[in-house]
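Visitor: Dropping a structure here in structure tokens format, bear with me for questions.
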Amino acid sequence: MASGWFYLSCLLLGSLGSMCILFTIYWMQYWRDGFAWNGSIYMFNWHPVLMVAGMVVFYGGASLVYRLPQSWVGPRLPWKLLHAALHLMAFILTVVGLVAVFTFHNHGGIANLYSLHSWLGITAVFLFACQWCLGFAVFLLPWASMWLRSLLKPIHVFFGAAILSLSIASVISGINEKLFFSLKNTTRPYNSLPSEAVFANSTGMLVVAFGLLVLYILLASSWKRPEPGILTSRQPLLHDGE
């Protein structure tokens, strides 16, 4: 039963994550006239797509690798490599997204890092970089002692959830900021709730739903990887022969 709920949650999570990315792409394509890589506003349009994909969807998915029951048995190294690789992919998407917005700002003479949205976002990215480097050095490379890993594991887990929460807050504030700027001098401003605002607000709600589901799966005690020595009582979660 627990296994069924877990995989149902994973299916829902995959659907929500895909919708988050596709909705953001559609918003930028349909209402903001698409994408380019030339320093124009169309280059900026890559920023929300890549940040949602990197800092929310890929990051959230990578955080759940150790919740898969298949990761509870057998060698841990392949799962560590998958966890690190997915996070690295998320970080690469994030960096490209930052390049897009900084290039657009510099090309148009717009100040960088002045808004609360940008402060939240750059803090999340900085912590993400520190988190990945620490995880790679301590949990992936073989030099660290079990004592050091046990000491740092709760910190690593806490900051993993904290970074995702900061990323969601940054995305939501970014959607709000983009709508205020884009709909400021139009015949139907933001406060009249035009169709673009409804769609973008709905995209933000999808991001919140995705993030909350990730955090729930991370915090659900029955879905956490068992500590060594207590796996046998929870192996029914695995399919026969796995």
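Yeah, the Cβs are placed from backbone N, Cα and C, and that goes for glycine too.
What TrEMBL records for this protein is below:
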TRANSMEM  5-28  transmembrane segment
DOMAIN    12-219  domain 'Cytochrome b561'
TRANSMEM  48-69  transmembrane segment
TRANSMEM  81-104  transmembrane segment
TRANSMEM  116-143  transmembrane segment
TRANSMEM  155-175  transmembrane segment
TRANSMEM  198-219  transmembrane segment
Visitor: Are there residues at least 6 beyond the ends of the transmembrane segment (155-175) whose Cβ is under 8 Å from a Cβ of it, and what are they?
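Guide: Cβ under 8 Å, 6 or more out: 48, 51-52, 55-56, 59-60, 63, 115-117, 120-121, 123-124, 127-128, 131, 134-135, 138-139, 200-201, 203-204, 207-208, 211, 214-215, 218-219.
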Visitor: Averaging the per-residue pLDDT over the domain 'Cytochrome b561' (12-219), what integer do you get?
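Guide: Here the mean pLDDT over the domain 'Cytochrome b561' (12-219) amounts to 95.
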